[in-house]
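Report on the structure given below.
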């Protein structure tokens, strides 16, 4: 089943067709006019109430379809998560930095939601996986202590990279204390295909670039800087993981599935992400959300669907999908599943 998915126009997003989100949207749905002055920040795929997907041709929310067709979720997922898709799949296109933030553990998320429902709207944790589609900048985790000490004493070193980054952040967020984050958080520049896993309580901030993102179905964020949104420093300070990490510890490596695909399996049951050039999906006990990133061809479930960049498919549990490229093309696709 093909889906129409929700675009989020957050002000930090890339503008017009500079955004991967906008380009995917315009290719999959040529009738949609892209506003070149408007930010296209995120594409949400899933059932979260802040951005629910709709089944094309039926004009039915995916969440409502699942409630009426519980077998689409499969018994393993229903047993663990109930009648729901427990993950949220996204494309992000970032023009300027997102907030310095972290996401609470599940029990802490439940507590925050109970006590402050207006600020923390989900009683769920939000571990995240980010896979770069373009060169992707992020701050992630605290640096080793000797690096923090060195950079605070010699802030104009490292070929002025960190100093230039601080200046860039200050231009977008003048006077914000978060501008100093690069001196004590790891600066990561991911190549396309590289990934980071953001476990609960790990401080991070996305800076620029485009990525695939998958997470538990939650929108909980505890922020401390680089944002005009609500900041909750006391909560963040109490919950943070203050461990020091070398950059190589933060890279999250996929496992090879076969000659055409690989899979990122984080240590949570909510989600995993598979990527391939062109392949037949495996028969899994989980429902899937699948997006075509590049190439042209055909997707065949019960009926054929033209495969082109931006097309999003919902695949029921225990079903397989055939992806066939046209001549002289290949299909690059990402598939989100439950990790059960």
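Just so you know, glycine gets a Cβ as well, placed from its N, Cα and C.
Among the candidates 128, 137, 213, the residue that TrEMBL names alongside 101, 103, 204 for the Zn(2+) site is 128. Note: the CA-CA distance between residue 223 (active site) and residue 128 (Zn(2+) binding site) rounds to 16 Å. Just so you know, of the recorded positions 103, 204, 223, the Cβ with the fewest other Cβ atoms around it within 10 Å is the one at 223. When secondary structure is read from DSSP and collapsed to three states, residue 101 (Zn(2+) binding site) falls in the strand class.
With a cut-off of 8 Å between Cβ atoms, the residues of this chain six or more beyond the domain 'Phosphomannose isomerase type I helical insertion' (156-185) that come close are 96-97, 99-100, 139-143, 148, 150, 203-205, 207, 224-227. In three-state terms derived from DSSP, residue 128 (Zn(2+) binding site) belongs to an extended strand segment. Within 10 Å of the C-beta atom of residue 128 (Zn(2+) binding site) sit 23 other C-beta atoms, taking all shown protein chains into account.
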